[in-house]
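K.L.:
One structure is given below, represented as structure tokens, and several questions about it will come after.
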Amino acid sequence: MARRKEKVCLCISIPIICIIIIIIICATHFNEKCADGHCATDFNEKCADGLYKKAAVAADSETCSKIGRDILQLGGSAVDGAIATLLCTSIINPQSMGIGGGSIFTIREQSGKVRIINARETVPKAFKTDLLAMCSTTTQPMEAAHWIGVPGDIRGYEQAHKLYGRLPWASLFEPTIKMAREGVPIPYVLSRFLTLLSKEKPESPLRQLFQNEQGELLKEGDIVRFEKLADTLEIIAKHGADALYVGDIAKELVSDIQNAGGTISLEDLRSFRASEFGAWEVTLGEYDMYFPPPPAGGATLSFILNTMQGFNLSSASLEVDEKVLTFQRYVETCKFANSLKKFMKDPKFASQAEAVEIIQKHFADKVRAKISPDRTYDASYYNNTPYLDSHGTTHVSVLAEDGMAVSVTSTINHIFGSRILSPKTGILLNNELADFCGKTDQIHAGEQPPSSMSPVILYSPSQKHTVVIGASGGSMITTGVALTLQDSISAPVVFVDSKNVLNFEPLFDKIVLESLYKIGHEVKVPKMFYNVVNAVSKENNCIEAVSDSRKNGKAAGY
């Protein structure tokens, strides 16, 4: 029997999925808005207030969005802008990402060709053979050093820059190095997460970074300096990615990881390579959607969209008479999607047959037939095995003047990753190997864990409408068909976690919440709910860029 819960918890998990449905549904609304004069229909006309004409960046913070914009204005490519923005985010929101983690890029070239760069972390060669037996069965994060995967972020940046960069590599690091040395004020969101470090030992390098001389945790507005990390970034900026993977920094990093109980070796770092390949593509109405294949979560994303599309959604689907039914179908679809994440396996070690099947229309048709309009079921019905949701992620969306677009998601997995900070390098390490928990019974050296990251680019050839979108928040759907991207992103959401519990954001439609509870769903209303959606949309020669206000984000453009 379902139960209703109301308590404080943090519900941040897999990247955005169903906001894209809303954007597609709203295609006619975008056109109506432009027809009314809010968008330019001629290239020489001005765009409405809040819209941009040439380029834009949407990141977790205004500071980082502006850094990305400045790089574009200096003649940098969309990739240059994305890299500079990510580096900035590593010190503005270090709880979410950093160079001790991994990333996945979806890049649309000027020609329209879409490529993927996968720099997700890998399993060390000397990993603990009983690692999966240590998986947590509670909601407690797995913080020990043996969960650290071989970090890939910098190799990913290097590969992307080699293929698409225009500005010098070092110039992309300069703004972040300067801020790291001079110090940055603790943002509100980071200050909320710092309370999680209250139980860390006083001698913990991570705790020491974020405490004052009296041993008290820093508060919002206090200045934090990342001096060791600045040194590391300066060396990488000068000598390239090899400085981190084969140079002295590599030796220092490995020493710190092994002293903390981790198993990463110099050989693990030396052998890490980012991979580059074509994007997967599906058609959604008038849109072509491009996304990364496994081990990323794009196939799961495609499944949800295909399934929901089969319900023939329209603007009426979210009006009073049909709203509860629409959300019932959505949350049931998400419960089935949770069971599919175990198929998002590294293709070097597992067949992609299941993932290919998942994105087919007939698969969505089969699952859709199992969705009841007025009933829910236990986990066995969905073939779902609970796992610990990922929290520590960031997303950046960039659209440049020349049409190149970048959608990139980066992560250290849980909040503050493994909570292991390398004292010699200032690098905060991921706990990415925890992503294997509940999704496999065997892992291999060099394998990338399953991921929910789904950096996406959509394009409608008929409308010449581009959407660059992704998230570091939960699978979601908005409460109303919005007329603007801003409204879509800011509307309250519901997130179906790995245990198939419905997490409703405060201010969510209470009629829908109560109705789903009566159907039998287990529900929560968390007080902290930091789903974060960052998107850039271009239509009729005007660009709308939106960073989610939940993380105090703000986009920038020109």
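Positions of Cβ are set from backbone N, Cα and C atoms, glycine also.
Note that the structure is a prediction, hence the values are computed from the model and not measured.
Below are the features I grabbed from TrEMBL:
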- 7-30: transmembrane segment (TRANSMEM)
- Arg120, Thr411, Ile412, Asn413, Asp435, Ser451, Ser452, Gly474: L-glutamate binding site (BINDING)
- Thr393: active site, nucleophile (ACT_SITE)
K.L.:
Check each residue in the chain of Ser451 (L-glutamate binding site) that is at least six apart in sequence and keep those whose C-beta is under 8 Å from its C-beta; list them in sequence order.
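P.N.:
When sequence neighbours closer than 6 are ignored, Ser451 (L-glutamate binding site) has Ile104, Arg120, Pro295, Ala296, Gly297, Met344, Thr411, Asp435 within Cβ distance under 8 Å.
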K.L.:
In whole Å, how far is Asn413 (L-glutamate binding site) from Thr393 (active site, nucleophile) when you measure between their Cα atoms?
P.N.:
6
K.L.:
How many other Cβ atoms are found within 10 Å of the Cβ atom of the residue listed as 'active site, nucleophile', counting all protein chains shown?
P.N.:
30
K.L.:
Starting from the Cβ of Asp435 (L-glutamate binding site), draw a 10 Å sphere and report how many other Cβ atoms land inside it.
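P.N.:
Within a 10 Å radius of the Cβ of Asp435 (L-glutamate binding site) lie 29 other Cβ atoms.
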K.L.:
Let me know the DSSP-derived helix, strand or coil state of Ser451 (L-glutamate binding site), please.
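P.N.:
Going by the DSSP assignment, Ser451 (L-glutamate binding site) belongs to neither helix nor strand, so it counts as coil.
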